[in-house]
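> Positions annotated as substrate binding site by TrEMBL: ARG66, GLN84, ARG89.
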Amino acid sequence: MNNSGLAVEVSKDRNGTDQILLRNPRGASAKVSLHGGQVLSWRTDRGEELLFTSSKAIFKPPYAVRGGIPICFPQFGQRGSLEQHGFARNRTWIIDENPPPLHANDACGKAYIDLLLKPSEDDLKIWPHSFEFRLRVNLTADGNLSLISRIRNINCKPFSFSIAYHTYFSISDISEVRVEGLETLDYLDNLYQRERFTEQGDALTFESEVDRVYLGSRDAIAIFDHERKRTFFIKKEGLPDVGVWNPWEKKSKAMVDFGDEEYKQMLCVNGAAVEKPITLKPGEEWTGRLELSVVPSS
C-alpha cells in the first residue's frame, strides 16, 4: 500500500466512512474517501488547497460530494439511462490490499493507495455488466497527484462505458483564468443540445456559463490563474476528451449543494472518454491515467 518514508493514514470522517491521507516528506498531502473513491483534497507543502469543495457539499451517502475529483463511471452526464454521471461516485469502494502489479514507476518514491469497486446486486440490475474498477491514487515527492484507473471486464459479454475525472480546481476568480491546449478543437456544447462547434480562440476564457466536451484533445492542458500566479498542468493517457464546466450565477443558485457565488472560485476541467465509449471484450482491461501538477507563474 505504501513506500517506506511516506505517510499513508486511514481514519474515519464524521459519517464513519474511511478516508485515506497521503503525505509526502515535504508536507504536501492528498485525502481520498472510500465514498466514491473520491479525492477530496490536494494540498501543497505550504498547506495551500488546490481543489475546490463547496461549503454546501453533502458528505453523506448516497449523495456525491460537490468538489474534489468525483469519478464519472460508467456514464458521463446524462448520456445514457443511468443517473447523472453514473454510479461509481456514489458507491463505497474498498481498499485493495493485493492489487495486480503496475509498472514499478507507479509506486517508486510515492505515497499511494489502491482502491477497488465491484458492482453490487443492485448495480447489476441497472447496469448488467460485471467489472472490476481498480484505482491507484499517487502523491509524488514533488507533490504531483496522479490517478490511474484499470477497468476489467469480468463478464461473459462485451460492454461499453464512458469515464471522466470531474476535477474541481480551486481558482482565484473565474474571470482571471484561461485554459490553453484546447485551441482549434471541436467541442460538443451541452448548452446547445450537444451541437458541435470549433474552438476559435487562442485560449479559453470565461464570461458566462460553460458546459462543453472538447474532442480528441492533446495529452497536456494548462490552466493559468493570473491572480494567484500559478498554473495547473493536466496530463492524461487513454482519455481523449476534455470536459470544461462552470455553472455561472443562475445555475449556481439552483443547486442545493453549491453556494450562490462559489462559481467564481472553481473551474472543472476533466480528462474524459465521452464521445466514443470504450468497449471491453470479456477479460479485457482498459487503463487511463490523469496527472496533475501546479507551478508558480509570473
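Indices start at 1 and increase along the chain as displayed.
Every residue gets a Cβ built from N, Cα and C, even glycine.
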> Taking the centroid of the Cβ atoms of ARG66, GLN84, ARG89 (substrate site), which other same-chain residues have Cβ within 8 Å of it?
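The answer, listed by sequence position, is TYR63, ALA64, VAL65, PRO70, CYS72, HIS85, ASN90, HIS166.
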> Based on the record's binding annotation for substrate (ARG66, GLN84, ARG89), what whole-number value in Å is the widest Cα to Cα distance?
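So the maximum pairwise Cα distance among the substrate binders is 13 Å.
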> Write out the long-range same-chain contacts of ARG66 (substrate binding site), meaning residues 6 or more apart in sequence whose Cβ is under 8 Å from its Cβ.
THR53, SER54, LYS56, ALA57, ILE58, TYR168, MET255, ASP257, PHE258
> Taking the Cβ of GLN84 (substrate binding site) as the reference point, list residues of the same chain whose Cβ is under 8 angstroms away and which are at least six residues distant in sequence.
GLY77, GLN78
> So if I draw a 10 Å sphere around the Cβ of ARG89 (substrate binding site), how many other Cβ atoms end up inside it?
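There are 23 such Cβ atoms around ARG89 (substrate binding site).
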